[in-house]
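Step one of this worksheet: look at the structure below.
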Ligand SMILES: CC(=O)N[C@H]1[C@@H](OP(=O)(O)OP(=O)(O)OC[C@H]2O[C@@H](n3ccc(=O)[nH]c3=O)[C@H](O)[C@@H]2O)O[C@H](CO)[C@@H](O)[C@@H]1O[C@H](C)C(=O)N[C@@H](C)C(=O)N[C@H](CCC(=O)O)C(=O)O
Ligand SMILES: Nc1ncnc2c1ncn2[C@@H]1O[C@H](COP(=O)(O)OP(=O)(O)OP(=O)(O)O)[C@@H](O)[C@H]1O
């Protein structure tokens, strides 16, 4: 096939449904002629419209989607669903209009109806938390495949059905895309799906029309305080997943006060998972696991307990002990106690969904969990020279965990390369700088996605945070990412490690609205070759 790659996975054999039936099922006011019209899909953005779709026009930050109804019609939409204001704006667009007070709030159920996603559903696993969602979803996917289950996933990195994958734009797709994806998955007999659920998705109705079988919570720490006024508001957005309207059962990692709070405030039955001793030093407030009010030894009376048995640059081995002393011991090809925690959460979620622990243990007995997580402390170096990890961490807590994991498995020096997102939560930058300075021997501050911000100002905030925390730390400020990585590489040798946090799986850098091609993974491999460390 030529042309642009598909941006979404949709059913290939949709079964048309009557638009009149839709309007009646939801009690929508109808403006225009809709009899004889059948709908085969639904889209919230004109770029995603396929022939036969219902286009849903919602108000946004920049525009009202209804203003694009004519464009949707040109792309093949057969009708518009919108609010009263939208209906007036689109009166001359040439499409019949269904009117509802809040079209975004209706979207999930409408998409579920059009795609019949409630019929013969796969087991649905939802994962939320500040860090680790993508990782848990990939670990679920890997274990399910080892159990012989046809699985799918949706994450920040990609939407995936077996070997078919598309790159993601949002962490959690809009409900229109999500239900289409589930319908496509049903066509190819996917029986279990891991879905990463961001706080924004819960606040913006993106997982409406779904009841998860099991939901999991990783942790909560400082992020997205540009979107939420406080950590409590951010927590409340995530807590929404632990309600009977959204899920049947939950598993909560009790690593911090937030996990304990979620257990206390959950409105669905929850199972708890405690992490053994030796968590890394947590960042300071806000959102610190050891913030005031945290209960004593977290997880002392949890249902499940994780103990890390071995940490190496290539793998982590752990034991999981559950109710009645049931045990599973295995390994993951990933570094870090936090990744063992992610794997443990995935396993307990599978058990809560009815999978037998012994069967899971048998499936992962030979080689451990066979997971590949793109751009999450991904080792790009070879057998010689420094160990180089490319990571997606972009929060203080992620920095702390990744640095801790690398420090534990590195005899030599640790150099950290990183930048910070422009046009995103600016309040975490000083802390990111501070944690890097505390955890690494040398810090190289570079640009990430400046977007519309002045990149020099972003770097300055990071440098200031680093200097304030460790005044004599060796700090380099190098705007160009390729040059920054090469400068880091020049500082290390056999036995040392580089953590390049930020770019992860991404293949671009966004500057002033333009996406420039840049893959940190590819460039790091190239630099390693240039330095003679990699064939
Ligand atoms: C701030 C925010 O939530 N923006 C979302 C919003 O865009 P917007 O309000 O800017 O939209 P707009 O430009 O005003 O347009 C209004 C409507 O007209 C439509 N439109 C507009 C122009 C056009 O030509 N055709 C068209 O159809 C748009 O699709 C939209 O529905 O509606 C769009 C689709 O309806 C979303 O894709 C978009 O998410 C943007 C990309 C985003 O960045 N969201 C962030 C906050 C987010 O959700 N992030 C989390 C990250 C979680 C994590 O880090 O863990 C996530 O889940 O991804
Ligand atoms: N359980 C965890 N606790 C703390 N940090 C973690 C954990 N798991 C992963 N991380 C760190 O967070 C980074 C992002 O991991 P991951 O992509 O799995 O999280 P996420 O919640 O999906 O974030 P995003 O939605 O932004 O992708 C990792 O690269 C790693 O540095």
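From the backbone N, Cα and C atoms, a Cβ is placed for every residue, glycine too.
Because TrEMBL annotations are produced automatically, they should be read as predictions rather than curated entries.
The compositional bias 'Low complexity' annotation in TrEMBL covers 282-300.
Per TrEMBL, domain 'Mur ligase C-terminal' is recorded for 375-503.
Taken from TrEMBL, the feature N6-carboxylysine covers 238. Secondary structure from DSSP puts residue 238 (N6-carboxylysine) in a helix.
Under the heading region 'Disordered', TrEMBL lists 276-300.
Using a 10 Å Cβ-Cβ cutoff, residue 238 (N6-carboxylysine) registers 23 neighbours.
Note on the domain 'Mur ligase C-terminal' (375-503): DSSP counts are 52 helix, 26 strand, 51 coil.
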